[in-house]
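What follows is a short report on a single structure.
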Amino acid sequence: MTAPALTAPSYDDVRAVTDEVWTTLLGEAAPLIDRLVPVGTPFDSVGVWSAAVTVSGGWEGSVTVELTTYVAGALTTTMLDLPHDAEVSDADVADAVGELVNMLGGNVKSLMPGPSVLSLPSVAAGRAAFSSDAREVARVEATWDGEPVRVTVHNSTGETHR
Amino acid sequence: MKALIIDDSRAMRSILRRIVTSLDFETDEAGHGQEALERMESGPVPDVCLVDWNMPVMDGYTFITKVRANPDWRNVTLMMVTTESEQQQIVRALAAGAHEYVIKPFTPDAIAEKLEMLGLVGGAA
Amino acid sequence: MTAQDGHPAPDRRGMTTATDTYESVSALVRRETSMIYDAGKEYLVEARLRPLAAAAGCTVDEYVKRLPIDPVERRKAMDALTINETSWFRDHAPYQVFSDVLLPRLLEARAATRHLRIWSAACSSGQEAYSLAMLLDQHLPAGWTHEIVATDVSTAMLERVRNARYSAVEVNRGLPATALVRYFARAGNEWEIVPRLREHVSTRHLNLAAPYDGLGSFDLIMLRNVLIYFDQETKHDILRRMRPMVAPHGYLMLGSSETTLDLPPDLAAQWRREQEGRVQVHRPATGALT
């Protein structure tokens, strides 16, 4: 394939995908609101969950989401239809955050030339770490209910020819 | 009507269970395709399977090809519910025997409308 | 009631649009579009204005106070408030009746011109117009032409119809997967209707409460789930003026829950109701024009 393929999704598309996934999972009562964050700023560090999926094939890259404990908890209770102040286990939060990044990843994958394969999500309590051969190509910075939310898309820049 | 919900995320299964339960389905659940096949072999055959694509052990595409290969299950309606949304993937799933396809994210209405289109919900005379 | 970490539960924050705010919104909508927002739809006003208020950096109450003096925001608010929940092949049965019953009759009636004209009145984001375009693509015999005119009071909605792009959430709504792969192409994070359907759909800005000049007459008018937004007098006026818009052999389709049974006698006499399975269709009653 020698067509001049798209190498990165646009910010606007990633923002729209994020908004759509977010609104569908969490409802419209509190929207995602954009915020300005200088490039290279680490995700606000208090209590944090992060999750990532990788895409390989026609496009090589990864999609990562970072959330505060509060936002991850609200996502989990909403998806499980529990009261907002319900106790949720780490396993439940990991499951919900994993599904969130799966949806984001699948939709970002569809923005790019395919066919590609989406990995299963990997979820961690803590900030995301990125390998040095990954290049950030889009980053959505937002707040939800006053707390930060970040979605990052990376291109794998290593040799990816199969 | 019985629905088998096949998704590796408990949270997603919970969302789908609430939707189809509200449409008067009985539900069963499986975390991947292999588990779903075992359910179908040992228990009652569902009227419809809601199937995720990307799952551990056995993915939803493989599950669909296995179900379609078994004539005993020819009456089972298969609906993919997945974030997999490349157009050629949808074509592949339909060619393999999926009847319908819902892209995540979806609204509850989307599931209900598709089940209605498939004649599994509502006043089909 | 508070959620964990002392945050208020998000679905409770500010979801109480003050009554006077709500009344001023509903008066404004009515003045601009003749549409009625009944009491009890506060949540809808809230949900639709909240993103606009957030974008403008104020509360919904403050935002509503700005509307009378800010025409740009007022236009945006009207667009947000007048969108209809919409899915492809909405209610399914009317489209089945169109393909199975109405279309064969129209093909007979129009055999001389081999041209069909359809009006999607209050087209919203275009799902109705394009659903019909899909059916005509499948069922219209070779050599026939057709035109679907989509009108709406919202210019933003008409823009959407022309762009013919739909989100994943939207293409999930009632659209068979086979139609998705046949009639759409991926466009960024959206799905775009293929040109061979789009070329049959034209758009026009129209308030249903205003005159229908220059539209011509139609073989089918879809006026579905929109009359409920008008007061009785406007509704009757619309149905009266719709009558000459339907060609003598043509049809008018209302929403599944809408009826012409409660019309004043003179107006009821202008329409003939026909039951096709579970679907009621209306035809102009010949010789009853007053």
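Going from the start of the chain as shown, residues are counted 1 onward.
Cβ coordinates come from backbone N, Cα and C, glycine included.
No curator has checked TrEMBL annotations; they are predicted automatically.
Small disclaimer: the values here were computed from a predicted structure and weren't measured.
Listed in TrEMBL:
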type: DOMAIN; residues: B:2-119; note: domain 'Response regulatory'
type: MOD_RES; residues: B:D52; note: 4-aspartylphosphate
If you average pLDDT over the domain 'Response regulatory' (B:2-119), what do you get?
95
Sort out the sequence-distant neighbours of the residue listed as '4-aspartylphosphate' for me: same chain, 6+ apart, CB within less than 8 Å of its CB, listed by position.
B:I6, B:D7, B:D8, B:S9, B:M12, B:G60, B:M80, B:V81, B:T82
Give the residue counts of the domain 'Response regulatory' (B:2-119) per reduced DSSP state, in the order helix, strand, coil.
55 helix, 24 strand, 39 coil
